[in-house]
Ligand code: NDP
């Protein structure tokens with residue numbers, strides 16, 4: 001039976017095994033999907049061991065997405081653009097690296113939330129691995145403008161500078177530049193929710209009928225509370241993105257596209 005796993009540190013909390021088990025059952029695919037805790041200084045050795053054991057592929061989570069990018073012997077264009085890898089396929093000695101986070105976010109917004117991105121003014125908050133992963137697919141979604149803000153503004157500027165031949169107006173700035181600006185979609189790609197910290201966001205940031213999207217899932221974050229205080233009606237967490245990025249990885253490995261709506265609904269119910 002084909003074997004896959006999510007590699008991380010920590011990894012115990014990962015919902016990926018549950019999601020892939022649901023996909024496998026739904027599509028009749030025979031596979032095993034587990035969790036592998038790699039030592040912080042032992043990502044490459046863990047991958048080599050998994051290849052030796054006959055694994056077919058792996059998902060990669062915190063903090064190894066950049067190391068996975070370095071380790072891959074082949075990269076898809078979207079992984080190259082992101083500079084980070086969350087999906088590995090082992091084909092003989094080849095390690096193929098892909099990044100499905102961005103397509104997962106865009107599919108969740110367009111198909112699950114039924115919120116259009118075309119022609120919208122979008123604010124992306126954060127310049128870490130998650131933000132890097134979604135920048136390219138957002139730029140491909142025919143936005144009106146894309147602004148990136150980050151606490152360490154140099155990281156946002158470097159991220160924007162790496163995006164080449166962009167048709168969408170793309171700017172990077174600090175939180176200080178936000179007062180007076182208005183956006184149709186605001187995406188929180190920071191980990192501030194993990195530490196329950198409030199972002200320095202001004203009042204009046206959201207257009208009428210705007211979407212506030214937090215990539216974190218599992219609980220109400222200070223960003224979601226802020227959006228509620230601002231009167232935003234459409235507030236989403238990152239559970240749909242999580243399931244959609246997994247579905248894309250499943251498709252890469254199995255060439256079968258699972259139904260995601262039923263899996264998202266089941267996970268919300270539990
Ligand atoms: P990283 O550690 O790579 O980046 C963290 C980012 O958050 C940086 O931009 C950092 O800014 C910013 N940040 C952290 N704390 C604060 C704060 N108090 N105020 C302002 N900015 C802050 O993390 P990732 O990019 O990998 O992950 C970010 C979030 O996205 C996590 O919550 C993660 O769970 C979620 N995620 C969700 C996914 C999904 O499928 N739903 C997929 C991937 C990630 P600075 O550069 O200044 O330090």
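Heads up, the Cβ atoms here are built off N, Cα and C, so glycines get one too.
Summary of the site annotation: TrEMBL records shikimate binding at 14, 15, 16, 86, 101, 217, 245. Screening the candidates 46, 61, 190, 260 against this entry identifies 61 as the one listed for that site. Binding of NADP(+) is attributed by TrEMBL to 126, 127, 128, 129, 130, 215, and within the candidate set 102, 154, 238 the record adds 238 to that site. Taking 14, 86, 127, 128 as the candidate binding-site residues, the subset whose CB lies under 6 angstroms from any atom of ligand 1 consists of 127, 128. DSSP places the residues of the domain 'Shikimate dehydrogenase substrate binding N-terminal' (6-88) in helix, strand and coil in these numbers: 35 helix, 18 strand, 30 coil. Most buried of the binding-site residues 15, 101, judged by other Cβ atoms within 10 Å, is 101. Within 10 Å of the C-beta of residue 127 (NADP(+) binding site) there are 25 other C-beta atoms, taking all protein chains into account. Across the range of the domain 'Quinate/shikimate 5-dehydrogenase/glutamyl-tRNA reductase' (116-192), the DSSP-based residue counts are 24 helix, 20 strand, 33 coil.
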